[in-house]
Structures are given as C-alpha cells and as structure tokens.
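Asker: Just dropping this structure here.
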C-alpha cells in the first residue's frame with residue numbers, strides 16, 4: 001500500500017513515481033494515479049476547528065475516523081465526498097476526492113469522427129464559439145467538474161449548456177478585423193461517479209469557423225439563387241464566402257458520391273442546373289481564406305412535374 005500525506009492548504013503534492021494530489025478548484029481534490037492500487041490520503045477538516053470534536057462522513061454515511069485530521073483509504077477508482085461535522089451534524093467543510101487514472105484509456109467521453117474528444121465551431125468572426133462533447137452512453141453518473149478557456153493568459157467567459165454536453169464562449173477581446181496570432185486553450189474536467197478525466201483543445205477561431213446554412217431564395221427554370229447566412233460576418237467584401245454546389249439524383253442525400261453527380265465550387269450566388277431528370281440541388285458555404293470547415297448543406301428537391309424546397 002502506498003501512502004500519501006496531504007495538507008489541505010497545498011495546491012499540489014508530487015509523490016514518488018507518477019502519483020500526485022492537486023486541487024482543480026476549491027474543495028475538489030484529484031488523486032492522479034498510474035495504477036489502481038490502494039492509497040492512503042490524509043484529509044484535514046479546517047485549521048480553524050483545531051481542538052474541536054469532529055466527526056466525518058463518506059458519501060453521506062458515517063465513518064469511524066474522528067478529529068481534524070483523518071486518514072482514508074482509496075481503492076482503485078473509489079474516491080468519495082468527505083464531509084466533516086460537529087457532534088450536532090453541523091457541516092464544517094468537505095473535500096470531493098476524485099481519482100484520475102492518467103495512463104488509462106479515456107472512458108467518460110467518446111471520440112468524434114475526427115478523433116477529437118472536444119469539437120469546437122464558430123458561426124462567424126464575432127468572437128463567439130461553441131465546444132461540444134459526447135458522453136459514453138454507459139456513464140450515467142456523469143458531471144462536468146470544471147472548465148476554463150484562456151487566450152494570452154486572459155480568461156474567456158464560458159457558459160455550460162443545460163445538458164452538460166457543451167460550452168458557449170465569447171472572447172470579448174477578440175478583434176475580427178486583425179490577424180489572429182494566439183490560440184485559445186480549452187481545458188475540461190469531467191467525471192463519472194469518482195473517476196475523473198482531463199481533456200484539452202487548442203485552436204484559433206479562424207480554424208473552426210463553420211458558416212451556417214445558406215438560404216435558397218429563388219428557383220426558376222432550374223436556376224437557383226441563395227444568400228450568405230444571416231449570421232455571417234459583414235461586410236462581405238472583408239468576409240467573403242465560397243460555395244460548393246452539388247446536384248445529385250433525386251432521393252439521394254447531399255453527401256452522395258456515386259455516378260451522375262454534378263459538382264462545382266463558385267464564388268457566385270446563383271447556379272443553373274443541367275440535369276434533365278429529377279434531382280436534389282445542394283449548396284454549402286466555406287471561408288475561402290482559411291479553407292478549413294464547410295458548413296452544412298442546404299438542399300432543394302426538384303421534380304420535373306412539381307417541386308418542393310427543403311433547407
């Protein structure tokens with residue numbers, strides 16, 4: 001059994017091997033381990049309660065240890081919420097002790113198709129962006145523990161989505177008309193029960209800009225017109241858009257790559273289709289200066305006897 005001695009006021013304590021303790025925010029202590037052995041951790045209620053009669057609970061249940069300092073055993077991923085009380089059960093303090101298995105595969109969040117655990121997009125260059133993640137479906141006691149976004153040592157204001165699956169952030173110091181030279185660094189701590197995971201994402205807004213869907217506004221004799229998304233930055237002369245136009249056989253999605261596909265890239269906002277049979281017209285936008293992310297498709301199903309529009 002390894003033994004870790006912990007003083008509550010310390011921010012971090014580096015131990016032999018790859019074992020350490022650190023706070024990630026007040027009252028939340030992380031035990032970082034390279035294996036799932038048993039460890040002893042010394043907890044401290046609070047200096048101001050020295051000499052008082054103090055009782056402890058672990059996850060709401062009384063434990064035998066008493067006093068201002070107690071030693072608890074952490075087995076594997078079995079951390080806990082430790083609270084200290086007066087004899088009348090008045091709460092004095094608490095420590096949420098989480099276990100972070102640093103060399104284990106991630107198991108709380110799942111990777112997206114681009115092999116990232118956190119995906120970030122911006123609709124334009126106004127400094128606002130959204131980052132999202134996907135929880136493992138079997139992690140039902142999940143929670144976001146802490147998050148922060150920083151650029152050039154300055155914090156960026158972020159708000160957690162109501163479903164705990166994303167953040168919306170706004171960099172109020174960001175200037176959309178100047179060159180972006182410093183990256184945003186996002187840190188996210190999530191847990192399932194008492195297992196903690198740490199995730200990071202570093203990016204520039206210009207690399208995550210994904211224009212919203214365009215609006216197809218005019219259809220006449222196989223001629224289509226559209227406009228830039230209403231959410232796109234202006235003026236258009238400073239923030240141009242390029243478009244990918246795609247015509248696929250009817251009843252196929254815009255991602256269809258088979259035969260009889262008409263495909264073009266253009267800076268224009270109109271297009272005449274050459275298809276003679278029923279088809280689906282698709283268009284999406286991209287920032288031509290960065291060429292990073294395409295927006296989602298807008299589409300229109302065109303039949304030769306009638307037509308209906310879907311965006």
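Any Cβ shown, glycine's included, is placed from N, Cα and C.
Feature table excerpt (TrEMBL):
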type: DOMAIN; residues: 26-84; note: domain 'Ig-like'
type: SIGNAL; residues: 1-18; note: signal peptide
Asker: Mind checking how the domain 'Ig-like' (26-84) divides into helix, strand and coil residues in DSSP?
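Answerer: Summed over the domain 'Ig-like' (26-84), the classes give 3 helix, 36 strand, 20 coil.
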Asker: Could you tell me the mean pLDDT the prediction assigns to the domain 'Ig-like' (26-84)?
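Answerer: Here the predicted model's pLDDT, averaged over the domain 'Ig-like' (26-84), is 93.
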